[in-house]
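S.K.: Sharing a structure below in structure tokens format, with a few things to ask.
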Amino acid sequence: MDIKTLKCHGSGNDFILIDEITNDYNFSEEDRVEITKNLCDRKMSVGADGVLFVLNSSKGHGRMRIFNADGSEPEMCGNGLRCVGRYVMELVNKKEVLIETMKTVYTVKKVENIFKGVATIEIIIDSVSFEAADLPMISHEHEVSMKKIEKLSDTLLFSAISITNPHLVAIVDEISEGQLQEVGYKANNTPEILPKGVNVNFVKVIDSQNIYVKTYERGVGLTKACGTGMTASVISAVINGKCAMNEEINIFNDGGMIKCTVCNNDKGYFVKFVGNATYQFTGNFKYTKPLPKHPIHYDYDSYKAETECYEKMFLYTREIIKKVL
């Protein structure tokens, strides 16, 4: 069976997209896990943080299933959702679509480019919960806000936030990658507190309109960016008085930047989440069992101009960061 793929990314969080709307692949669950583990291996294959399977939906214009590099399936992925949203919009020739995920349906729409030549997508994220049980997290407190979790760290203060995906957020003076790696590993190997694991985010507040976020992603490890992680982080920054409600905030990460506006209404918090959805290149492979090493044949020039535009944006964000960090 010949499989067509599209390499894409949101804020450097990269994925391999497989279209099951126009292609009748009939994958089993075992197929999805095997394909994901193989294609995401950066040493033996094209490499990615995850695979986006795009399917038909009875609730919207398309359905996203995201598998992490280790074969696990998270509830949601903000960066991946932007890529899937763009792909489905182009498929159905609309500027706004509904995309079904594991637990809810999101409105995704095309907006003004965040940078010249960089395709930009907005998502409204309203599935925000502060209940520890929604992570799930075993705690004697209903909500965990700026609290120590002794088994993870004796100095950091964590806030627990679910954006469908589970997150712990710590606001820090300086981001230590080594410390984040250590805390992230502990958080995903302490089932008596976090039975299903968790994403861990370190946030450095630059000023009231700019923050820097780095994430240890469950099932992936340290990643250039995590969409729901950046969302949880900016919510935490706003709630703790570091950034303002109803104002656009720049969120920088190792892969670039996004823009978020945290809002509140009678239903609770919601976030306008704006960032790139960049295509990198296409590829194809013949699916056999077991999959061979280096299975994909690439066309690296298929989206060369688009990739170059994002690279210019990335370099622009690095220049900004040099001045403030």
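Just so it is clear, glycine is given a Cβ too, placed from its N, Cα and C backbone atoms.
What TrEMBL says about a protein is an automatic prediction, not a curated fact.
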S.K.: According to TrEMBL, Asn13, Gly78, Asn79, Asn165, Asn199, Glu217, Arg218, Gly227, Thr228 bind substrate; which one of Asn26, Asn68, Asn93, Asn240 is listed for that same site?
M.R.: Asn68
S.K.: Using Cα coordinates, what distance in whole Å links Cys226 (active site, proton acceptor) and Gly78 (substrate binding site)?
M.R.: 7
S.K.: For the recorded substrate site formed by Asn13, Asn68, Gly78, Asn79, Asn165, Asn199, Glu217, Arg218, Gly227, Thr228, name the remaining residues of the chain with Cβ within 8 Å of the site's Cβ center, in chain order.
M.R.: Pro74, Met76, Cys77, Gly80, Thr215, Val220, Thr223, Cys226, Gly229
S.K.: Please work out the number of neighbouring Cβ atoms within 10 Å of the Cβ of Asn13 (substrate binding site), leaving out its own Cβ.
M.R.: 31
S.K.: Helix, strand or coil at Cys226 (active site, proton acceptor), per DSSP?
M.R.: coil
S.K.: Secondary structure at Cys77 (active site, proton donor) (DSSP, helix/strand/coil)?
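M.R.: Its secondary structure by DSSP: coil.
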S.K.: How many Å separate the Cα atoms of Cys77 (active site, proton donor) and Asn13 (substrate binding site)?
M.R.: 10
